[in-house]
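Participant: What TrEMBL shows for this protein is this:
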- 44-66: transmembrane segment (TRANSMEM)
- 168-195: transmembrane segment (TRANSMEM)
- 215-232: transmembrane segment (TRANSMEM)
- 244-275: transmembrane segment (TRANSMEM)
- 295-323: transmembrane segment (TRANSMEM)
- 344-362: transmembrane segment (TRANSMEM)
- 416-437: transmembrane segment (TRANSMEM)
- 464-481: transmembrane segment (TRANSMEM)
- 487-509: transmembrane segment (TRANSMEM)
- 521-540: transmembrane segment (TRANSMEM)
């Protein structure tokens, strides 16, 4: 439906405190500047240069992505309706609320319209601030009203520039995290270069600007950087308090801007649980982080008018279970290896059972069903029985929710990122296993800070955290392609840290009997510099070509449809159709919808399935009755759905509806034995023949190559 065509006629030394600095490395560093004052001056100079590079690389990335967006769509030259259509699917829905707030006569009326909304779902009044994560649109609309920029900057540019500005913060946070882990800002520079050269796999902001993850991931990156710093030992009390504040604010903003925050933070909580159980993290710091997660999420719950999906999240239940189990199971970290291993398994079992028990109790009390489609999807995805559930199959058949394609690793290998990542991962995993075994074997071990007893291998708590983080998010990305952006960006951080880390090179050189302090210094600086030179040589010409390639947005059929709706239908008309298209209808025309792409509500999912019967084998009487039950005045049929070829048989929308209705699927291929032939032809095909049974209920009022709009008769 939407296409892109060629334009016509347009040709420190270190900022971190070393955890356990080697005497040889200290001597090497002391040779550069002599005396305490000189060393301080050198560190200050390094910090200044590294910080300046971080800000510059972040801003350049932001400008680069914004330029790609402009060049791809010719955004500055196309009409307003075309700009809005370019915000596809749920992106258009979210942007419509920013537009709605700006069009409201006053801020109070704008808030009232969001809290008592009756245009997003027909015949229902819903609280959008409770249902959706749109506080960022509210905040931006207020800023645009207050700041004296209306004469110089259009609302849409204020919106998209804010998102691209967040990308600058995102890249800077990745840079800082790598710098903190390795002790040199060269590592951060390499992480940023890898992020940009692997842009296809690290971000999709330039073509899905309003997507919730593009708001949330920069705050998630800030949180990871703050946690990395917080886990350092021997922090000054003031530094520790300020870092906790940074963690809390970033956690809160991350939770406020993305509806899937609870699942990402559950992964984080599992990281903390693993490290705490293996004595690789101070228990006090783990408790602080558990508390911040719950506090941030509960504060978001209050702002979202006590959203039941948050209260019933697994994260709340898990964190409570961990804290309760820790109180009940005392002396968990004492005893012999086998004794401690048994206690650990018992602790794991207790936490798991308590989590499931608390979560089921909370959901029963709240009568919560908003997230059950996610668990149905996960159950079917991981092979716990086939399902005919329409919602679960809708996710299963989408490529974004499938396994990570194998060609992803080929692209990551072209930039040497994947090879470096595997190299660093193998070394750190071996070190982590050695430290964990030593911790569990040491009956007198106390809360570990990474360096334990007589263990010759050192693994800093912040390194251990980022190791388990990258492993768990790696499994998440491998199982669900849409989540790869959480993994690949951290992959840049982890790989660059390892190549610049003296500890990693020391472990490697000692294992092959080539250890010398000078060699560590040479390797940690020469390898990343060589990779940076390789990336510049191989990818700079391609990036310049990409920036010079000029295209434009081209979707005349959708533009024609939106213009027709604006000119020929009442303002209060109710439209039915696909979720993706209706989001654009809401944004471009302001008409009332029957359904929309924000799928985290049980009643909306049932309503969407009912509306989608227009693509099933149902009688005109049944379809008319279903649509009129939602107050529908017009229904939009799309040939791209009715005659879909993008998915294979069994995954086309019409196939999912047939199976859910107990009907046999079209075309050659097998059907389950209990499926039956439908008693009626497919509605979206048969209605175009203008037969009397159909014209009695539906009148065609608009048609082009892509869309057919029918007005519903009000007769019963």
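Heads up, the Cβ atoms here are built off N, Cα and C, so glycines get one too.
Because the structure is a prediction, the values reported are computed rather than measured.
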Participant: Are there 3 or more C-beta pairs under 8 Å linking the transmembrane segment (244-275) with the transmembrane segment (168-195), counting only pairs at least 6 apart in sequence?
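Facilitator: Per Cβ check, the transmembrane segment (168-195) does not touch the transmembrane segment (244-275).
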Participant: Residues of the same chain, at least six outside the transmembrane segment (487-509), with any C-beta under 8 angstroms of its C-beta?
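Facilitator: Long-range Cβ neighbours of the transmembrane segment (487-509): 22, 25, 170, 174, 177-178, 181-184, 186-188, 190-192, 194-195, 198, 201-203, 217, 221, 224, 412, 417-418, 420-421, 423-425, 427-428, 430-431, 457-458, 460, 463, 466-467, 469-470, 473-474, 476-477, 515-516, 519-521, 523-525, 527-528, 531.
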Participant: Excluding the flanking five residues on each side, which residues at least 6 beyond the ends of the transmembrane segment (244-275) place their CB within less than 8 Å of a CB in that stretch?
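Facilitator: For the transmembrane segment (244-275), the nonlocal Cβ contacts are 132-133, 135-136, 212-213, 215-216, 219-220, 222-223, 226-227, 230, 281, 286, 288-290, 292-293, 295-297, 299-300, 303, 309-310, 313-316, 318-319, 322, 351, 461, 464-465, 468-469, 472-473, 476, 486, 600.
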Participant: Other than its close neighbours in sequence, what residues sit by the transmembrane segment (215-232), given a CB gap under 8 Å and a spacing of at least six beyond its ends?
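Facilitator: That would be 16-17, 19, 136, 163, 166-167, 169-170, 173-174, 176-177, 180-181, 240, 243-244, 246-247, 250-251, 253-254, 257-258, 261, 264, 281-282, 285, 288-289, 460-462, 465-466, 469, 485-486, 489-490.
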